[in-house]
Each structure stands twice: as C-alpha cells, then as structure tokens.
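First up is the structure itself, then whatever we jot down about it.
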Amino acid sequence: MAKSKFERVKPHVNVGTIGHVDHGKTTLTAAITTILTKKFGGEAKSYDQIDSAPEERARGITINTSHVEYETDKRHYAHVDCPGHADYVKNMITGAAQMDGAILVVSAADGPMPQTREHILLARQVGVPYIIVFMNKADMVDDAELLELVEMEIRELLSNYDFPGDDTPIIIGSALKALEGDKSDIGEAAILKLAEALDSYIPEPERAIDGAFIMPVEDVFSISGRGTVVTGRVERGIVKVGDEIEIVGLKPTIKTVCTGVEMFRKLLDQGQAGDNVGILLRGTKREEVERGQVLAKPGSILPHTKFTAEIYVLSKEEGGRHTPFFAGYRPQFYFRTTDVTGSIELPAGVEMVMPGDNISVTVNLIAPIAMDEGLRFAIREGGRTVGAGVVAKVIE
C-alpha cells in the first residue's frame, strides 16, 4: 500500500525585500527561491518571473507586487517583491502585504542610497517590526575595509530610525553569484545564512486568534424579545458567550455583555478571528451601536481623534486628485467600515502635497475612532478614494 505524503505544517511568516532601486532585491528574491527549493522543495522562480509583477488592488489603489513562497528548516515564508519604488511605498502604506519582517538589500558597492533611507523610514512608520540586511554585490568590492564602512553606515542608519542597528543581522553576499551556483561564502552559503537569520531573528508572529478580541461593526439589528444583534467579521481574538465587551468609537464607550454568537443562523458558544458572526448584546439598544464602531475586549483599544500618519496620495493616472492639496485639507478618512471627516496638518516647511506623493501628516478627526498604531485607512472625497494611510502614532 502506498504511503501518504507526510505534510509538516510549519509556522507561516510574511517577509519582503526592500531597498534602493538596482541594489538587487529581485535578484536576491530569485536566489532565495532557487537555493531553498534545492534544499527544502518548493518552486524556484526566475528573475523574469518575479520581475513581471502582476497588478493587484488594495484600498482602491493599483500596486504591482510579486509573491513568492519558500521553506526553510523551521518555517514557511511568503515573500513580496515590488518592481518599482512607488509600488513599495503603496504596498507598505496600504498594508496590502503585511510584513512580519523585511530584508533590506543594500549594494556593497554603493552603500545606503536615498531609497534605502526612505524604505527604512517607511518600515518604521508602518510598523514593520524587524529588519535583516543583505549586503549584496560583495563580488564587486575587493576591499574588506570598504565592506566594513558600508556595514557601519547601514547600522547607523537603522539606529537613526529606532531599529537596533548594532544587533541587526547583516549578511554579506552576492545574489547573482548564488543564482549562478557559486559555492563560496558569498554565493549559496550567504543565502543559507540569510535563511537562518530569518528563522532566528524574526520571532514567530502572533496569530490573529491569539490577540485581544476586536470586531468592526458592519450592521446592527434589533430582534424582538432577544435584543440587539451586531454583525461583522471578527478581526482578532475570540469572543465567548458571557464575555464582557466594550463598544468603542464615535460615541462614549459603553460596556455590555455578549449573550449569544450566531453564524449561518446557528448558535455557537464562541466566534473567532476570521468568522462572520452576529453577536447578541445584553441590554444594549439598537441606537447605541452603529457601523464604524468596534466591539472589543474591555480596555484593549481606545478611541482617538488625533494622530500622525504616513499617507500616499493617488496620482491623477490612478484616479486620484488632479490638483495638490494644502494644510487644512478636509477629506473623509475611511476606517474599517465607515468614513469620518478630518483635517490634515502638514509638516513644517511643506506648503502643499502633490498627487503621487507620500508624506507624514497629522490628522484631526471630528469624531473618535478606535485605533492602534498600524491601523490602515483610505482617504476619500465624496466616496472616491484619493489616498491611503497608516496610523504611525496616536496623539490624543
């Protein structure tokens, strides 16, 4: 009798390559898939396959992104690589590809360049928690002292943006040599070393189900004799019958109790991350809950009106504005399930923001929204998306 295939279920981690144009991000991505496939199975992808990144849409924005996957000794990785700088900016701000860690590719021949800095800043702003560095093109540098200088420069740059520069793993190698099958330290060995660094330096991400319960409110119904039912998709955590719940955002926070969980018209004892459920709330009136609020574990999330954000403004070609905007611009900010009007303050010295720009701004909303750092939103004018953003820091 034939043995069935043994499938080991490895923990899953999301990563991606970032860094300056032409420093070798796509070549490195190809090298990783090629070399790890030989060792752990999977599918190798060539440079051309990765480079012809398909278009996808996130929050009304078109982004070109390549997705590859590979396995290491301990894990399964999903890895994103983008063809152009603008795609990285859009990807990181919309959270289209959430990264548990990033591989920063820096050419040893050139050292850190403007986009190196910009991608590190973006990673900090959008909450990419870990960066590992691959110093590429080491075959083009004969001078060991030069390599050391570039390494010091990279560590300093990381520290400037609050990453632990001194403790960051920096792997020196040549993605091209590795792709060509070079067996030296800078060839295949460097890729395997990078894989080990991914496994050991990036901790296993918390699964959505293990976090504190939160569910954005999509709809509210009143069922005679039963009370108020709130429907939505559980974003994080678990809700059980009998749990205390807070209703947060738009109005003063209210405490209530979950007296029932329904899914597909069946009663359950709990709902968990990813489930579309109806939650029955004890003693809550229909008019006390509305779309745009969240149900959450008490004390786990607070409502805020003022925050700093990293935003990307759609270009005219992407269907965005045709003209720049200025300080005091008042669009709608679409958080989870609803729009809230807010005004934008620009950084000192910035007069206006052009379509196609990305920039750090401060936002003041007219009504509070339940938020944490890292929450994504769309910027809209009359229902049309004109930008995307991510909460960098909550102020009040």
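Cβ coordinates come from backbone N, Cα and C, glycine included.
As annotated by Swiss-Prot, GTP binding site applies to 19-26, 81-85, 136-139. If you look up Swiss-Prot, you'll see Thr26 marked as Mg(2+) binding site, on the strength of sequence analysis. The domain 'tr-type G' annotation in Swiss-Prot covers 10-206. Taken from Swiss-Prot, the feature region 'G1' applies to 19-26, supported by similarity to another entry. Residues or ranges marked as region 'G2' in Swiss-Prot (evidence: similarity to another entry): 60-64. For 81-84, the entry in Swiss-Prot reads region 'G3'. Annotation source Swiss-Prot lists region 'G4' at 136-139, citing similarity to another entry.
Location within the structure of each feature annotated in Swiss-Prot.
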residue : record              : Cβ contacts under 8 Å, 6 or more apart
Gly19   : GTP binding site    : Lys25, Leu104, Val105, Val106, Gln115, Thr116, His119
Asp22   : GTP binding site    : Ser107
Thr26   : Mg(2+) binding site : Thr17, Tyr47, Ile50, Asp51, Ser66, Asp81, Pro83
Cys82   : GTP binding site    : Gly16, Ala53, Ile63, Asn64, Thr65, Ser66, Tyr88, Asn91
His85   : GTP binding site    : Val21, Gln115, Glu118
Ala138  : GTP binding site    : Ala108, Leu147, Ile172, Gly173, Ser174, Ile186, Ala190
- Message: For the region 'G3' (81-84), give me same-chain residues lying six or more residues beyond its boundaries with a C-beta closer than 8 angstroms to one of its C-beta atoms, as numbers and ranges.
- Response: 16-17, 21, 25-26, 29, 50-51, 53, 63-66, 68, 91
- Around the Cβ of Lys25 (GTP binding site), other Cβ atoms found within 10 Å total 26
- Rounded mean pLDDT for the residues that make up the region 'G4' (136-139): 98
- What does DSSP call Gly19 (GTP binding site) in the simple three-state scheme? strand
